[in-house]
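Novice: First, the structure itself, so that you have it in front of you.
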Amino acid sequence: MNVFRLAGDMTHLLSIIILLLKIRATKSCTGISLKTQELYVIVFLTRYLDLFTKYISFYNTTMKLVFLGTSISIVWYMRYHKVVKQTYNKDQDTFRHYFLAIPCFLLALLIHHEFTVIEVLWTFSIYLEAVAILPQLVLLQRSRNIDNLTGNYVFLLGAYRALYLVNWVYRYFTENHLVRWIPWLSGLVQTTLYADFFYYYIKSWKNNEKLQLPA
Amino acid sequence: RGQPQSHDEL
């Protein structure tokens, strides 16, 4: 464990906590893409299959349970909570997220480290996480005004994988140059997808104005 | 490259 990875995990955890707080405190999920949240549940379920078979550390197991629990509860709130589900922008959140999941799965069948169920599904989760934010970014462009909590949520979500990139650079130089192409390239794609959001987020923060993405 | 990846990250 290095400081960059810990910072990345904490940033990721903070983003999820901010989203849960927004939903529970305001009883609203306006501006949040249910499609992206559902993709994240799939990412965690397919990535943490070895949760009960492989013990890495107390921290690792705890965080996996927290990520699984919070992401599933967010989807539950948006789908079934009587008040929250009324605030879901169903007609704007129209991204066909299966168009994202299927190519990722096919790619995982083609390009992976080893052809086992655990490894292929883990690889699928890495590819899927890279593109899972797309429905959310599309929804933000359609939303007239983005509330601060939603903006912060997306920013932290993008920042966590950027910190993971730094963690991988650090591990490359400190762990006898172990190469991990799959997460590296996927993480690079994932972080790049946030590039224009980062630009508008930082600009709105500097000029102290409302965050607005160009349509 | 059958490097068994030890998935020690989240």
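Every residue, even glycine, has its Cβ placed from backbone N, Cα and C.
Values in this document were obtained by computation on a predicted structure and should not be read as measured data.
Look at TrEMBL and you will find A:56-77, A:98-115, A:121-140, A:152-170, A:182-202 tagged as transmembrane segment.
Looking at the shown structure, can you explain where the listed features end up?
Specialist: Listed by sequence, the residues of this chain that lie at least six past the ends of the transmembrane segment (A:56-77) yet keep a Cβ under 8 A from its Cβ atoms are 1, 9, 12-13, 16-17, 19-20, 23-24, 29, 34, 37-38, 40-41, 44-45, 48, 84-85.
For the transmembrane segment (A:121-140), same-chain residues at least 6 beyond its ends with a Cβ under 8 Å from one of its own Cβ atoms are 31-33, 35-36, 39-40, 42-44, 46-47, 49, 89, 92-93, 95, 97, 100-101, 104-105, 107-108, 111-113, 146, 150, 154, 157-158, 161, 182-183, 186-187, 189-190, 193-194, 197, 213.
Sequence-distant contacts of the transmembrane segment (A:182-202), counting only residues of its own chain at least 6 positions beyond either end whose CB sits under 8 Å from a CB of the stretch, comprise 111-113, 123, 126-127, 129-131, 133-134, 137, 140, 151, 154-155, 157-158, 161-162, 164-165, 168, 211-214.
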Novice: By a Cβ-Cβ criterion of under 8 Å, what residues six or more beyond either terminus of the transmembrane segment (A:98-115) are in contact with it?
Specialist: 39, 42, 121, 123-124, 127-128, 131-132, 134-135, 182
